[in-house]
Amino acid sequence: MDVDAAETKVQIRLTTRDSSLQISEEPNVLLVQTSLTRHKLSTLVNELLHRGDETRIPFDILINGEFLRTTIDEFLTKNGINAESTLDVEYTRALVPPLNVTSFEHDDWVSAVDVLSGVQSGQERILSASYDGLVRVWNTSGDVLATSEAPNNGGRITSLKTAKWLSEKKMVAAGLDNNVRVYKYDDDARTIITALELVNHRWGVEDVAVHAPSNRILSASSDTTISLFSSNAKENPVAPANLLPSSSAASNKRQKLSKPDRTVPARGALATFTGHSSPVSSVIFKPDDATVAYSASHDHTLKTWDLPTSTCVDTRTTGHSLLSLCAIPSRNLLATGTSARHITLIDPRASATQISVMTLRGHKNGVVSLDTDPSSEHNLASASHDGTVQIWDLRNVSTGSQIGEGMQGESVYTIYRQGRDTSKSHGEGTKVFSVRWDRAVGIVSGGEDKRVQINRALGS
C-alpha cells in the first residue's frame with residue numbers, strides 16, 4: 001500500500017505573490033508524487049528558480065490557502081480532495097526563526113518600547129519607557145543616547161506605562177501620574193526635554209496612540225475614558241485647574257513668562273470619550289482614516305469612535321477582558337490580546353456578522369502587546385505576561401472547534417527572554433510588557449527583566 005501511495009501523482013499549479021520569485025519557465029503545472037512534503041516541494045521550487053545551495057531559499061507551501069505540514073497525500077485525504085484535481089500550490093518565503101541579537105539593561109522594569117527607523121540606514125533609534133519614570137533613546141548597539149529628566153511632580157517616581165515616537169524630534173509617554181507628556185529629542189545634543197504636559201485623566205494612562213500628520217494623540221486610561229490631544233500646545237484648551245498639582249496651577253498661568261528654568265506648559269484635552277465601564281487598556285487610530293479610533297477595555301468590549309463628533313459608533317462585546325490592540329489593515333481586522341491568554345481577531349466593520357473571525361492560542365498568561373510584521377501582511381507578534389513573545393502566521397490556521405471563535409491558529413515561533421530558564425518562563429520576573437516589530441531593527445521587546453531585547457532572523 002505504501003508503494004501505491006508513493007507512486008500516486010497529482011497535478012499542481014505553482015504560484016507566488018512575490019514578483020521577485022516568479023518561475024519564468026513553462027510549464028507552471030507539474031505532475032508530482034503525492035508523497036512529497038513541504039521540504040521536497042521547497043527543494044523543487046529552488047531548482048525551478050535555478051538557485052544553488054548558496055542562494056537557496058526555504059519556502060513554506062500552501063495548498064488551497066492552507067499550510068502543508070504533512071505529505072500531499074495526507075493533506076488530500078484530510079481535506080477530502082480528489083487526487084485527480086489540479087492543486088493550487090503557493091510558495092512563500094518561510095518565516096526564519098528570530099534569533100536573539102542583543103539586549104539593553106535598565107535599572108527598572110521596561111514597560112514600553114518603540115522604534116524610529118526609515119530615516120537613514122544605521123540611524124535607527126529605540127525608545128524605551130521604564131517604571132523608574134524615565135524615557136531613554138538607544139542606538140542599535142545598546143548605547144544610551146539620551147535620558148529624560150525626572151518630571152516635576154513633587155519628587156515622586158511615577159512609573160511610565162506607554163511611549164511612542166511622534167516624529168524624529170518628538171515622543172509621547174504617559175503612566176501612573178495620570179498625565180501625558182510630549183518630549184523634544186535632540187539627537188545631536190543627546191537631550192530629551194519635556195515640552196508639554198497634557199492633563200485630563202483622573203487615573204493612570206495605560207496607552208497612547210499618535211498620528212504624526214495631524215499631531216493628534218489619543219490616550220487610554222484606567223479612569224475608563226479616552227482623551228484626544230494635540231502635540232501643539234496652542235491647539236489645546238487650558239488644563240482643568242482641579243487636575244493640576246498645586247505647584248503647577250500658578251506656573252501654568254505664567255508659562256509665557258517662563259525663565260531659563262523652563263516652566264513646562266500644561267494643557268487640557270480637545271475631547272473626552274466616555275462609554276467604557278472599566279479601564280481602557282489600549283487605543284489606536286484607524287490606519288487609513290485618522291478621524292476614526294478603536295479602543296479595547298477590561299469591560300470586554302471593543303469600541304469604534306468617530307473622533308470629530310466624539311461619538312461611539314459601534315461596540316463589539318467579547319467574552320474576556322481585552323488587554324491590547326493592533327490593526328491588521330490587509331485583512332480589515334483588529335487583533336485583541338485577552339486576559340484569557342488568547343488573541344481574538346475581530347472584524348470591526350458594521351457589516352460584519354461574526355465578532356470573532358479567528359482565535360490564536362498558545363500563550364500561558366494575558367496577552368498585553370501586539371504588533372504586525374512590516375514585511376508581511378500575514379505575520380503578527382504578541383507579548384505576554386507568560387514571559388514570551390510569540391510569532392504567528394495568520395495563514396497557519398484550521399477550523400475552530402468552539403462555536404463563535406472562528407478559525408484557530410497556533411504560533412510558529414516562541415521567543416524567550418535572554419538568559420532565562422525556559423522551563424520557568426512564566427514565573428516571577430519574566431513578564432513581557434511590550435513588543436514592536438521593525439523592518440530594519442527586528443522584533444524589539446521590553447519587560448520585567450529590566451531589559452530591551454532585540455530578536456532578528458538570521459540574514460535580515
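Heads up, the Cβ atoms here are built off N, Cα and C, so glycines get one too.
Among the residue ranges 135-160, 213-238, 239-264, the one that Swiss-Prot annotates as region 'Disordered' is 239-264. Beyond the ends of the repeat 'WD 3' (200-239), by six or more residues, the same chain brings 161-167, 170, 172-180, 182, 252, 265-274, 276-285, 290, 293, 295, 297, 299, 305, 307, 310 to within a C-beta distance below 8 angstroms of the stretch.
If one looks beyond the repeat 'WD 7' (427-460) by at least 6 residues along the same chain, the residues whose Cβ comes under 8 Å of a Cβ in the stretch are 95-115, 117-118, 121, 124, 126, 128, 138, 140, 365, 368-375, 379, 381-389, 391, 415, 417-418, 420. Sequence-distant contacts of the repeat 'WD 2' (155-193) (same chain, at least 6 residues past either end, Cβ-Cβ under 8 Å): 108-109, 111-116, 119, 125, 127-137, 145-149, 199, 201-210, 212, 215, 217, 219, 221, 227, 229, 231, 243, 262.
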